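*Asks:* For reference, the structure I am asking about is given below.
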Amino acid sequence: FLDLSAAVEECTEKGCLALSLLELLGFNLTFVFLASLLVLIQPVAAGSGIPEIKCYLNGVKVPGVVRLRTVVCKAMGVLFSVAGGLFVGKEGPMIHSGAVVGAGLPQFQSISLRKIQFNFPYFRSDRDKRDFVSAGAAAGVAAAFGAPIGGTLFSLEEGSSFWNQGLTWKVLFCSMAATFTLNFFRSGIQFGSWGSFQLPGLLNFGEFKCSESDKKCHLWTAVDLGFFILMGIVGGLLGATFNCLNKRLAKYRMRNVHPKPKLVRVLESLLVSLTTTVVVFVASMILGECRQMSSTSHSGNDTLSVQGMSEDVNSSIKTFFCPNETYNDMATLFFNPQESAILQLFHQDGTFSPVTLSLFFLLYFLLSCWTYGISVPSGLFVPSLLCGAAFGRLVANLLKSYIGLDHIYSGTFALIGAAAFLGGVVRMTISLTVILIESTNEITYGLPIMITLMVAKWTGDFFNKGIYDIHVNLRGVPLLEWETEVEMDKLRASDIMEPNLTYVYPHTRIQSLVSILRTTVHHAFPVVTENRGNEREFMKGNQLISNNIKFKKSSILTRAGEQRKRSQSMKSYPSSELRNMCDEHITTEEPPEKEDLLQQMLERRYTPYPNLYPDQSPSEEWTMEERFRPLTFHGLILRSQLVTLLVRGVCYSESQSSASQPRLSHAEMSEDYPRYPDIHDLDLTLLNPRMIVDVTPYMNPSPFAVSPNTHVSQVFNLFRTMGLRHLPVVNAVGEIVGIITRHNLTHEFLQARLRQHYQTI
């Protein structure tokens, strides 16, 4: 901007403004074009990256989100998008970049640099990786704002679903290290004083202090708290409006921009850049007011004790299109880097007219809303802070000019406005309070900031969700909230589970395993054996046994019974073929009302179930009883484990015993982490389909499991706090009756099941 500023000021005198506008456009469009190209290389690098990291820490794997290529495109792209004059910040991408570093460093390998391989056997699990990503995201916040505690709280509040006490200390240490590393290098490079630690974060709000000569000046008083609460309400409303507009824009983009060729996304970015540049230039030229420069560096109650800061604030005043000894207040806001403009609003006294502030706020609000979501790496923190700071300064100006409240300190109102607007957009409370306190270095602001953020969050939540949650929902990610609603306790585990299971036997033929793995996308399979015990017990005429079995019959939920109940109440099936089959089965054989399923099965007890050999997969032609036969549960085995066993040829032939099967160690099983081989890449010619795999040494024999009668809130808490992916539902006699995954616990799914529950009542 510096050379261009000189060119604009020169052209103001000589009358060649069109030329300087073209020069500015040339620079900006080139930079934005480069940023868009980087996003084309790695699409997940677009946007701030916080929604993606939030999903990852919640337990959802977003493809490519923590790859080395992503962080390179993100870091380079955000340089170009900020340099290109777009209304975006670099703080969101910093958080994403930190998370990628956290995910990649402990692995000591990268898919982009395959040749660099270290034999480092530790941290080879998703849980460890997730902890490192939490620490990386916190370090990103800490470096961006110089707020190590704020970073730790951000990771706790926004990100991590699974937190433990040991992690708190590690994450805080990581954030502290990030803050002081950045401080060390920035102080050294900018001031040449290595080791002095003068510049804590990328974004620094300066020091808020009254002049010692002005005894009436206070940073804030109890009376101001009332205004702060009102600003919080307005900030919440503005944030809700921003989110609503951005959501509509995002939906429009998903329908009309994303399906088209990738070049259209680049063109949209260029259009936004063109519009932004022209608006900034024209607004500064036509709408800005020329205001008198004060002879002293500062006057009145906003005098800063730090001389360096006042020089810094004054040096960024722009005189565009104005005569000597005056400066252009609109250009001062628009033609400065966003961080300098925020400092201007926080620390300049009486330099912005209410009209300028109103117009600046409106233009910035609309343009930043349009910009967030285009195909460039873009943060939202700084644009929101700048927008809110303009709103805060406007309130301070109006209170001073029209209500005559001379005691108020404009900088405080600008800060509270920034907090109110940012809180209304992102809906963060704890972490944002601490980040702002650490950035201002003023602990006395703790109470007003906290109250403002709380009010802004409550007001905004009344209308819609925070911007990151909106973008997560638009992508259809099954994100788990912190807890379920109270009314969900009307549902039990049996109401939300999936009874139509795909399972494997402890000893299964390779042919059957390959068939199951290729025809399903499940990540885990129950290991089961068929349960024939029920029939034998009934054949004994003992009265005691009969009474006990009657109790068992009345209280035990079976998969077939549950599926039949659903087929009669609602058509809630995973596949239409199964639904049709159930309908046919029901029409051909009307059971008496009072007889339960077990009784019907026992009447035909002399006809055994069709025997399911290990080389047979469940067939579509089976009846309900065949498909939903009782199965004793022994454990869970993951898809990755099954594929690893097949790739490494772990099996035995029928003529041998299972003891002859080769054994793999834990290190060998997890060697390919995090990218296990795909079943579709497997060369079947190397495998004998008649060979048998014994999965029992590799399965998890004691996974967390719940009873069919467990309340949904208990299921949800267990699933979320333990970081599960699969939760088997096992009845009182050890038979698996269904399985619960993340999909079964999403808000939308639970709502649908609750409606269904009310209909069946």
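Any Cβ shown, glycine's included, is placed from N, Cα and C.
The feature compositional bias 'Polar residues' is assigned by TrEMBL to 569-578. Annotated domain 'CBS' per TrEMBL: 699-760, in sequence order. For 560-579, the entry in TrEMBL reads region 'Disordered'. The transmembrane segment annotation in TrEMBL covers 29-50, 71-88, 132-155, 219-243, 263-287, 355-374, 411-437.
Looking at the shown structure, can you explain where the listed features end up?
*Replies:* For the transmembrane segment (132-155), same-chain residues at least 6 beyond its ends with a Cβ under 8 Å from one of its own Cβ atoms are 53, 56-57, 66, 90-91, 94-103, 105-106, 123, 163, 167-168, 170-172, 174-179, 181-183, 199-204, 381, 428, 430-432, 434-435, 437-439.
Long-range contacts of the transmembrane segment (411-437) within its own chain (CB-CB distance under 8 A, at least 6 residues past either end) are made by residues 141, 145, 147, 149-151, 153-154, 156-158, 205, 208, 219-220, 224, 227-228, 231-232, 234-240, 242-243, 302, 342, 345-347, 380-381, 384-396, 399, 443, 445-446, 448-450, 452-457, 459-461, 465-469.
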*Asks:* Where, among 71-88, 219-243, 355-374, do we find the most CB pairs under 8 A to the transmembrane segment (29-50)?
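*Replies:* The listed stretch sharing the most Cβ pairs with the transmembrane segment (29-50) is 71-88.
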*Asks:* Look over the recorded stretches 71-88, 263-287, 355-374 and say which has the most C-beta pairs under 8 A to the transmembrane segment (219-243).
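*Replies:* The listed stretch sharing the most Cβ pairs with the transmembrane segment (219-243) is 355-374.
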*Asks:* For the domain 'CBS' (699-760), what's the model's average pLDDT?
*Replies:* 87
*Asks:* What does DSSP give as the helix, strand and coil breakdown of the domain 'CBS' (699-760)?
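*Replies:* Reading the DSSP string over the domain 'CBS' (699-760) gives 28 helix, 15 strand, 19 coil.
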